[in-house]
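Have a look at this one.
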Amino acid sequence: MKDSFKLGNKEFNSRFILGSGKYSNELINSAINYAEAEIVTVAMRRAVSGVQENILDYIPKNITLLPNTSGARNAEEAVKIARLARECIQGDFIKIEVIKDSKYLLPDNYETIKATEILAKEGFIVMPYMYPDLNVARALRDAGASCIMPLAAPIGSNRGLITKEFIQILIDEIDLPIIVDAGIGKPSQACEAIEMGVTAIMANTAIATANDIPRMARAFKYAIQAGREAYLAKLGRVLEKGASASSPLTGFLNGVE
């Protein structure tokens, strides 16, 4: 049975979005293939010819590129980077990252809302990275966001679902794809997030810092698939107290001498 999701006018089957920020160009192709990802994020500084070797030469042509506005400190800078990305990559997808906190690398939600509103009006498929907050998520939705991308934990920390309860609120209240971005450190954490009902997972550091990058990419792929199967199957009830036997406790020995 088909189990896809839509962003803008495109449909995707893989729920694993791969970040490319920490790989060598030579390894990115292998990671994509093992992950079977259909969307790959790219920072514009690695995609602009002449700055350094172009990462785009290593990404298969059938992959949807998701440029990000990494380096933007406010809405104005994010909009400039997004427009440059459209010109260079010839696509409308853009991941909004507005970060002026250099210690914790937390997104500036309010500048993100401003950038989202401007870029959505210009026809971009806007995917905003944000700190999970219901009111901000509603504002992003109303501004024209195509999805909501809450962080699980600070960027690059690999600490897992620290914001789990807040992400669950977004799943329950926001009628847009919820894509968990940043902080997922293990395949099991990706599986748990998908079991909760998030649409997809974006991961980068957990894979890029593994000893065996292709194998870790594949592990994340299988974990995300398992989480989705569990979500669709509907998880069994949880007993707060006591126990419930899985086999009959009486009657088996009746009549046995």
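In case you wondered, yes, glycine gets a Cβ from its N, Cα and C as well.
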Check Swiss-Prot for me: it has ALA182, GLY183, ASN204, THR205 binding 1-deoxy-D-xylulose 5-phosphate, so pick out which one of GLY156, GLY197, GLY227 it puts in that same site.
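Checking GLY156, GLY197, GLY227 against Swiss-Prot: the 1-deoxy-D-xylulose 5-phosphate site match is GLY156.
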Given the binding-site residues ALA182, GLY183, THR205, and counting only Cβ atoms in the protein chains shown, which has the most within 10 Å of its Cβ?
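Selected residue: ALA182.
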Rounded to a whole angstrom, what is the C-alpha distance between ASN204 (1-deoxy-D-xylulose 5-phosphate binding site) and LYS95 (active site, schiff-base intermediate with DXP)?
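If we compare the Cα positions of ASN204 (1-deoxy-D-xylulose 5-phosphate binding site) and LYS95 (active site, schiff-base intermediate with DXP), the gap is 14 Å.
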Around the 1-deoxy-D-xylulose 5-phosphate site formed by GLY156, ALA182, GLY183, ASN204, THR205, which additional residues qualify by having Cβ within 8 Å of the site's Cβ center?
GLY19, ALA153, PRO154, ILE155, SER157, ASN158, ILE184, GLY185, ALA203, ALA206
Between the recorded positions LYS95, GLY156, ASN204, whose Cβ has more other Cβ atoms within 10 Å than any of the rest?
LYS95
So the record assigns GLY156, ALA182, GLY183, ASN204, THR205 to 1-deoxy-D-xylulose 5-phosphate. If I measure every Cα pair among those residues, what is the longest distance in angstrom, as a whole number?
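Across GLY156, ALA182, GLY183, ASN204, THR205, the widest Cα separation comes out at 9 Å.
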